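*Asks:* Got a structure here, written out as structure tokens. Questions coming.
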Ligand code: PRP
Ligand code: URA
């Protein structure tokens with residue numbers, strides 16, 4: 001996504017001098033802006049509305065139900081920004097962390113809305129690095145028989161995009177920036193560092 005507001009806010013996140021409070025606020029603002037793009041294809045229906053002047057037909061969002069699923073921890077930072085635009089969305093949670101040695105995702109928590117199979121799901125995680133966590137999160141949600149899944153990442157590495165496209169070609173990826181590469185520790189370059197640590201102030 002190349003909107004100037006997104007690019008500006010992303011540069012704030014990348015700056016190592018940005019503190020926890022601003023980092024959190026800007027992650028949330030970016031999620032709101034990205035949500036605007038990622039919901040562009042929501043179906044509309046015509047309804048009759050009486051304005052103070054006359055009655056006419058107008059568009060509203062058709063009955064499609066949405067759920068958002070943040071990948072813990074860092075995905076939590078994007079939830080409020082999405083709910084600003086879609087306040088009635090249900091929220092599931094997946095807990096995954098990357099093993100620092102193998103870089104493989106390890107699952108530690110999962111709680112989904114009961115009717116998740118009937119909903120379109122947007123998975124939230126600020127970082128798409130090797131793609132291991134995203135691919136596992138998508139598979140998890142597919143196991144609940146969800147048909148329509150989107151992935152929303154603030155920054156992605158080419159390796160992560162390739163992995164998700166390979167494992168889940170049916171899932172569209174929405175990202176604000178596509179960075180250059182991964183370093184030897186699996187961090188995105190230039191990236192923004194460890195998103196979870198920067199959102200929660202754990203480093
Ligand atoms: C980060 C990030 C993603 C994952 C991306 O989480 O939020 O979930 O790494 O890396 P991958 O694409 O190589 O799987 P992390 O494992 O650091 O856990 P945390 O959110 O608890 O800090
Ligand atoms: N997870 C992060 O938080 N940052 C990266 O650069 C890669 C994975």
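In case you wondered, yes, glycine gets a Cβ from its N, Cα and C as well.
Those TrEMBL annotations? Automatic predictions, nothing curated.
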*Asks:* If TrEMBL gives 73, 98, 125, 126, 127, 128, 129, 130, 131, 132, 133 as binding 5-phospho-alpha-D-ribose 1-diphosphate, which of 2, 194 does it give for that site as well?
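*Replies:* Checking 2, 194 against TrEMBL: the 5-phospho-alpha-D-ribose 1-diphosphate site match is 194.
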*Asks:* State the Cα to Cα distance, in Å, between residue 194 (uracil binding site) and residue 73 (5-phospho-alpha-D-ribose 1-diphosphate binding site), rounded to an integer.
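*Replies:* It is 11 Å, counting Cα to Cα.
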*Asks:* Please check the binding-site residues 127, 129, 193 against ligand 1 and give me the ones with CB under 6 A, sequence order.
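*Replies:* Near ligand 1, sequence order: 127, 129.
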*Asks:* How many Å lie between the Cα of residue 73 (5-phospho-alpha-D-ribose 1-diphosphate binding site) and the Cα of residue 193 (uracil binding site)?
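*Replies:* For residue 73 (5-phospho-alpha-D-ribose 1-diphosphate binding site) versus residue 193 (uracil binding site), the Cα atoms are 14 Å apart.
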*Asks:* Can you tell me how far the Cα of residue 133 (5-phospho-alpha-D-ribose 1-diphosphate binding site) sits from the Cα of residue 195 (uracil binding site), in Å?
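*Replies:* That comes out at 14 Å between the alpha carbons.
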*Asks:* Enumerate same-chain residues with a sequence separation of six or more from residue 195 (uracil binding site) and a Cβ-Cβ distance below 8 A; give 'none' if the list is empty.
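*Replies:* Non-local contacts for residue 195 (uracil binding site): 27, 74, 77, 126, 127, 154.
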